[in-house]
């Protein structure tokens, strides 16, 4: 079937893989830091948070900016609210950036020079990790000893910088994978590029080195243990949150449609996110084509917004999707829109009949929770963390696989029952209330405490 993921045997393990595992485990062991005077705190006072490849100041939905950007910003601000200061280190992407930017009280963004400002693909960033680490160390050198109590790294590139920084500073390392190479490679979209072996090895090293690992869901925790041999006791599950002040039903669907210039009575299936094969926006377009083949009378009352910017390869460019829409004969109902700010994104969610997420993999799927918080149900692939984010049959529908016909059947149900979207939307808003960022920050602070305690025990054990 076109677009079906390739699924290699996950249980087969070659001799080469065993050697890689042993090698990574060996390298991943950190030498205990020299004994330092420890403050017996329940939680850290200041955290160095690392996000090498994407800045929390960038617009989500374009380039490599997405859910992780939102995650870092919201988490950092909520940690600051409970008296944990956060300094976020990220790569500078333009010479015009100030070295430091105060994002909000207690949250500072530090821009690190590492490689050319523009035109550097994410795939080329491993060669710049030495330069990035140098910049982090320079910032640290300007402070008194013990300035940072803990390092929290995001994504494997940051994990390698965090590994070295934590060892040099004598602090614990907490790491969040966000995505994993082995999991992505097991469910590739057609036209997508497999993650390289270097990333697999790098992730295994980080898993071995970290004092604690944060997983978005229990399934992700299981994947860390199964694919990367993580110690079960080191893995903590912390669900991401949603900004319930921003993403809420507010003044409702009719008002949002009026603001966006959308017809009041239309069926509006929305795609919102980066345009890349992994997110599978082409599945939505093909599903719409199937729907209109079966129900041509719906054409005059159908609008399909695609809100997001390019990333990746293959169908990553909007022009590729535009050409696909033309080939499918649905260009007249599809509206391409560039990435928008969070406030306007909330309006797009409110205006939609249903958010469609046919992704091949999602570690959690923040936009699913954001849409539900705004009062809109979700139609999604049953992958990754989406079964946690979406209550199947109550706040949306989960589809096994990526057959456009299966998505078309659900869209037809929304077309035939106009009250279905509103009914599910009310349940979705209630469901999303369980995912506040305050809860996520409190749980993360508990992980920090556990990491600091484990680190102290390890140091004491090493030095008698």
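Every residue, even glycine, has its Cβ placed from backbone N, Cα and C.
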Query: For the Mg(2+) site that Swiss-Prot assigns to 349, 350, 352, which of 376, 395 is also named?
result: 376
Task: Select the closest residue to residue 362 (UDP-N-acetyl-alpha-D-glucosamine binding site) from the following binding-site residues, measuring between CA atoms: 67, 199, 350.
output: 67
Message: An 8 Å radius from the center of the 349, 350, 352, 376 Cβ atoms defines the neighbourhood of the Mg(2+) site; name the other residues of that chain inside it, in order.
response: 253, 256, 270, 346, 347, 348, 351, 355, 371, 374, 375, 425
Message: Can you give me the Cα-Cα distance between residue 69 (1D-myo-inositol 3-phosphate binding site) and residue 274 (UDP-N-acetyl-alpha-D-glucosamine binding site) in Å, rounded to a whole number?
response: 13
- prompt: Rounded to the nearest angstrom, how far is the Cα of residue 199 (1D-myo-inositol 3-phosphate binding site) from the Cα of residue 279 (UDP-N-acetyl-alpha-D-glucosamine binding site)?
  reply: 21
Fewest-neighbour residue among binding-site residues, criterion Cβ within 10 Å, set 274, 350: 274
Task: Among 350, 352, 370, these being the binding-site residues, pick the one whose CA is nearest to that of residue 53 (1D-myo-inositol 3-phosphate binding site).
output: 370
- request: By CA-CA distance, flag whichever of 274, 350, 376 among the binding-site residues is nearest to residue 155 (1D-myo-inositol 3-phosphate binding site).
  value: 274
- prompt: Taking the Cα atoms as reference points, how far is residue 274 (UDP-N-acetyl-alpha-D-glucosamine binding site) from residue 199 (1D-myo-inositol 3-phosphate binding site) in Å?
  reply: 22
